[in-house]
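K.L.:
As listed in TrEMBL for this protein:
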DOMAIN    107-473  domain 'Major facilitator superfamily (MFS) profile'
TRANSMEM  107-129  transmembrane segment
TRANSMEM  141-165  transmembrane segment
TRANSMEM  172-192  transmembrane segment
TRANSMEM  198-221  transmembrane segment
TRANSMEM  233-255  transmembrane segment
TRANSMEM  261-280  transmembrane segment
TRANSMEM  334-354  transmembrane segment
TRANSMEM  374-395  transmembrane segment
TRANSMEM  407-426  transmembrane segment
Amino acid sequence: MNSHYLTTLNQRFCSSSIACRQNPQKPYKPQLVGLRSTISSIRERAAPCFSAAASGAKLVPFKICKSGLSRTRASSNDAQSIANSGGSNELREPSFAEFITSERVKVVAMLALALVLCNADRVVMSVAIVPLSLSRGWRQAFGGIVQSSFLWGYLISPIAGGTLVDRYGGKVVMAWGVALWSLATLLTPWAAETSLLTLLAMRMLLGIAEGVALPCMNNMIARWFPQTERSRAVGLAMAGFQLGSAIGLTLSPIIMSQGGMYGPFVIFGLSGFLWVLVWVSATSSTPDRSPQISMHELRYILNSSSVPSLSKNLPKTRQGIPPFRRLLSKLPTWSLIIANAMHSWGFFVILSWMPIYFKTLYHVDLRQAAWFSAVPWTMMALIGYVAGVLSDMMIQSGISVTLTRKIMQSIGFIGPGLALIGLTMARTPFTASAWLTLAVGLKAFSHSGFLVNLQEIAPQYSGVLHGMFSVLS
């Protein structure tokens with residue numbers, strides 16, 4: 001039993017060793033997490049695998065080795081060997097427990113936290129603009145100019161940011177983006193006390209920095225997740241985006257009551273710098289660069305995905321300027337641009353004006369307006385993940401990717417349109433919040449429509465594509 005298992009194990013590790021292939025009779029000593037181990041020590045750690053090996057399996061399933069080889073980490077040579085081998089038909093779909101504890105989910109969780117900060121930093125001004133306008137004597141229209149100055153900056157950066165993401169990887173660009181928008185948030189109180197032009201400039205800087213967030217998210221998911229998992233990955237990441245709105249809207253009045261009008265800017269700004277420290281030390285741009293990823297997960301990602309997940313493939317996007325003319329000459333590109341324009345217009349209008357809508361039309365106080373505004377975004381986060389799981393299940397059941405995306409996008413457009421018509425009949429803030437919750441919640445189906453689809457039509461340019469969509473829409 002043991003000799004059969006050791007022979008299987010030795011053959012497995014010999015596949016990536018020239019010296020071992022030249023002398024296959026000599027046992028190979030693999031390196032586990034930087035620690036040289038002999039075959040005998042592996043046998044002791046991999047005792048649970050013996051029964052599986054005795055059955056004659058060609059490759060022992062990793063889920064059986066709970067305390068042994070399941071902890072084997074993949075090196076860059078392992079990744080290259082897997083990519084060159086052409087895959088394995090014996091790969092199985094990971095269980096929910098394996099998926100939720102995988103390295104790729106850790107990456108998307110960090111992306112979700114970044115998007116929490118992204119939207120929280122953005123919506124703080126939606127709450128602070130009310131007391132700020134009162135203290136400065138600004139008219140409501142002038143407060144709108146302060147809020148819209150964010151979009152002036154947001155218009156500039158997505159294409160440049162997307163190009164940088166595809167060139168240098170999502171890890172580096174996202175770190176710089178979060179650091180810059182956290183700095184802009186932290187300096188907003190100083191800018192507001194200095195001059196109006198300084199405040200507008202700081203809001204523009206916030207928009208410029210946050211313009212790289214979604215291109216980075218798309219780039220990282222395209223490289224870390226196979227097609228059958230991308231919808232739920234986008235759902236998880238975008239859940240952070242929507243929860244950021246809810247967190248910013250609900251916490252800001254509380255922090256303001258304790259720390260003054262500028263308290264939320266300081267808290268959220270400092271949180272961003274803390275996130276950058278964790279992100280830089282705990283993530284990698286591609287799976288094969290991760291020191292923590294297991295061999296099984298790396299094999300699953302590389303053999304289940306058609307995207308350039310190896311770091312050696314990244315230079316392909318460095319050979320020149322992205323082919324904008326070729327991308328813009330394709331009908332699918334323009335269909336996604338139109339879809340993104342329709343989605344983003346409604347999203348930003350509702351996001352920016354919802355607290356003022358409740359305060360002005362229903363005469364509620366600032367804290368009540370924030371709570372009424374937070375409920376729809378919380379629901380959008382939940383429905384977005386459910387839509388992602390449903391979309392992945394449809395694809396796995398045999399429904400074509402194209403039809404799945406069309407169904408998701410149709411729900412994401414028709415549903416909110418009908419709900420917003422119902423909003424016109426609302427007579428109380430509770431009814432209005434219910435209609436807005438329905439509209440914003442159904443809007444989340446778009447994340448499994450056009451937002452995932454742009455990773456599929458040109459995955460190596462997913463970052464710059466998202467930037468183009470943001471600017472042109």
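Even glycines carry a Cβ here, placed using N, Cα and C.
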K.L.:
Using Cβ atoms and a strict cutoff of less than 8 Å, what residues sit near the transmembrane segment (107-129) while being 6 or more residues removed from its termini?
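P.N.:
Apart from its flanks, the transmembrane segment (107-129) reaches 143, 146-147, 150, 174, 178, 181-182, 184-185, 188, 203, 206, 210, 213, 216-217, 220-221, 224-225, 233, 236-245, 247-249, 251-253, 256, 261-262, 264-265, 268-269, 271-272, 275, 278-279, 282-284, 351-356, 366, 370.
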K.L.:
With CB pairs under 8 Å as the measure, which of the listed stretches 172-192, 198-221, 374-395, 407-426 comes out on top against the transmembrane segment (141-165)?
P.N.:
198-221
K.L.:
Pairs 6 or more apart in sequence, C-beta under 8 angstroms, 3 or more of them: is that satisfied by the transmembrane segment (261-280) and the transmembrane segment (374-395)?
P.N.:
no
K.L.:
To the transmembrane segment (233-255), which of 198-221, 374-395, 407-426 is linked by the most Cβ pairs under 8 Å?
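P.N.:
Between the candidates 198-221, 374-395, 407-426, the best contact partner of the transmembrane segment (233-255) is 374-395.
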